[in-house]
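Chemist: Encoded as C-alpha cells, here's the structure I'll be asking about.
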Amino acid sequence: MSLGKRMGAELIGTFWLVLGGCGSAVLAASSPLGIGVLGVAFAFGLTVLTMAFAIGHISGCHLNPAVSFGLVVGGRFPAKELLPYVIAQVIGAILAAGVIYLIASGKAGFELSAGLASNGYADHSPGGYTLGAGFVSEVVMTAMFLVVIMGATDARAPAGFAPIAIGLALTLIHLISIPVTNTSVNPARSTGPALFVGGWALQQLWLFWVAPLIGAAIGGALYRGLAKEP
C-alpha cells in the first residue's frame, strides 16, 4: 500500500476519532438526554474499535502521533514514515474539530470558550488537577496504551481481537483520566480543538504533546523489552 493511501486512511481515521469522541463530549454529554462521562469514554473507544476494522489493514490504524512514535520506539514502525503519519493525523483532527464547531455553533447559547472538549490542567482541568498531576496521568496512560496496542497486535497474541482490546483500553483510559485532563493521550486529538478555541487551550497544548510522547516512548520500549525472545 502506498504511503499516500496510508496517510489518507490515517486522516480519515483520526477525523472519525475526534468527531466521535470530542463530538460526543461537546454535543451529547450534557444535553437532557446526555450520555455523560461513561458515554464519552465509550465513544472514544468505539471510534478506535470501528476504525481498526475499517482501516487497520491499510495503515495500521494509529490515529495518534504518540502511537506512531511509540511504535517506532518499539520497532514496529519505520521512523522515516513518522512525520507523514503525524501530518495526516493532525489534519484529520483539525477537520473534525471544524465540523464539531460548525454543528455546535448552530445552537443558541454556544460558547467556544467552553473549550470544544479541549484538554487542560489547573483551572482548565475538569476536576481541578494540577499540571503535575496532568503530566503523570498523560505519561502513564499513554504508556499503558502502547503496551496494550503492541501486545494485542503481537503475532503471538490471539488473532482478530486486537481492535476490541485496544478500543476497550482507550475507554478505560478515559474513565480514569477525563476528570484529570479531559484525557488526551493523543497530541492530534488535543491540537484540533485547541486551534479553534485558542487562548488557554493553545497555551496548555504543549503538555498534550510532551507527556503523551514521553509515555509512548516508555510504553514502546517497555513492551519491546518484555516481548523479546531470550
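Each Cβ is built from the backbone N, Cα and C atoms, and glycine gets one as well.
So Swiss-Prot lists these for the protein:
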type	residues	note
SITE	Cys22	site 'Involved in tetramerization or stability of the tetramer'
SITE	Phe44	site 'Selectivity filter'
SITE	His174	site 'Selectivity filter'
SITE	Thr183	site 'Selectivity filter'
SITE	Arg189	site 'Selectivity filter'
TRANSMEM	9-29	transmembrane segment
TRANSMEM	35-55	transmembrane segment
TRANSMEM	83-103	transmembrane segment
TRANSMEM	131-151	transmembrane segment
TRANSMEM	160-180	transmembrane segment
TRANSMEM	194-214	transmembrane segment
Chemist: With Cβ-Cβ distances below 8 Å as the criterion, list the same-chain residues six or more beyond the ends of the transmembrane segment (83-103) that contact it, or say none.
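Modeler: Answer is 3, 6-8, 10-19, 22-23, 26-27, 59, 62-65, 68, 112, 116-117, 187-189, 191-193, 195-196.
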Chemist: Any residues 6+ beyond the ends of the transmembrane segment (35-55) with a Cβ under 8 Å from its own?
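Modeler: Answer is 9-10, 12-13, 16-17, 19-21, 23-25, 28-29, 61, 63, 162-164, 166-172, 174-175, 178-179, 183.
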Chemist: So of His174, Arg189, which of the recorded sites has the fewest other Cβ atoms within 10 Å around its own Cβ?
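Modeler: Least crowded of the recorded sites His174, Arg189, by Cβ count within 10 Å, is His174.
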Chemist: Given the recorded sites Cys22, Phe44, Thr183, Arg189, state which is nearest to His174 (site 'Selectivity filter') when distance is taken between Cα atoms.
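Modeler: Smallest Cα separation from His174 (site 'Selectivity filter') among Cys22, Phe44, Thr183, Arg189: Thr183.
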Chemist: If you measure Phe44 (site 'Selectivity filter') to Cys22 (site 'Involved in tetramerization or stability of the tetramer') at Cα, how many Å is it?
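Modeler: Rounded to the nearest whole number, the Cα-Cα distance is 8 Å.
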Chemist: Do you know offhand how many angstrom separate Cys22 (site 'Involved in tetramerization or stability of the tetramer') and Arg189 (site 'Selectivity filter') by C-alpha?
Modeler: 8
Chemist: Quick one: pull the CA-CA distance for Arg189 (site 'Selectivity filter') versus Thr183 (site 'Selectivity filter'), whole Å only.
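Modeler: With distance taken Cα to Cα, Thr183 (site 'Selectivity filter') is 10 Å from Arg189 (site 'Selectivity filter').
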Chemist: Ten-angstrom check, please: count other Cβ atoms within 10 Å of the Cβ of Cys22 (site 'Involved in tetramerization or stability of the tetramer'), all chains counted.
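Modeler: Around the Cβ of Cys22 (site 'Involved in tetramerization or stability of the tetramer'), 29 other Cβ atoms lie within 10 Å.
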Chemist: Tell me whether Arg189 (site 'Selectivity filter') sits in a helix, a strand or coil according to DSSP.
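Modeler: DSSP call for Arg189 (site 'Selectivity filter'): helix.
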Chemist: Output, ordered by sequence, the same-chain residues six or more apart from Thr183 (site 'Selectivity filter') with a CB under 8 Å from its CB, or 'none'.
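Modeler: Looking at Cβ-Cβ distances below 8 Å from Thr183 (site 'Selectivity filter'), excluding near sequence neighbours, one finds Phe44, Asn119, Met141, Ile173, His174, Ser177.
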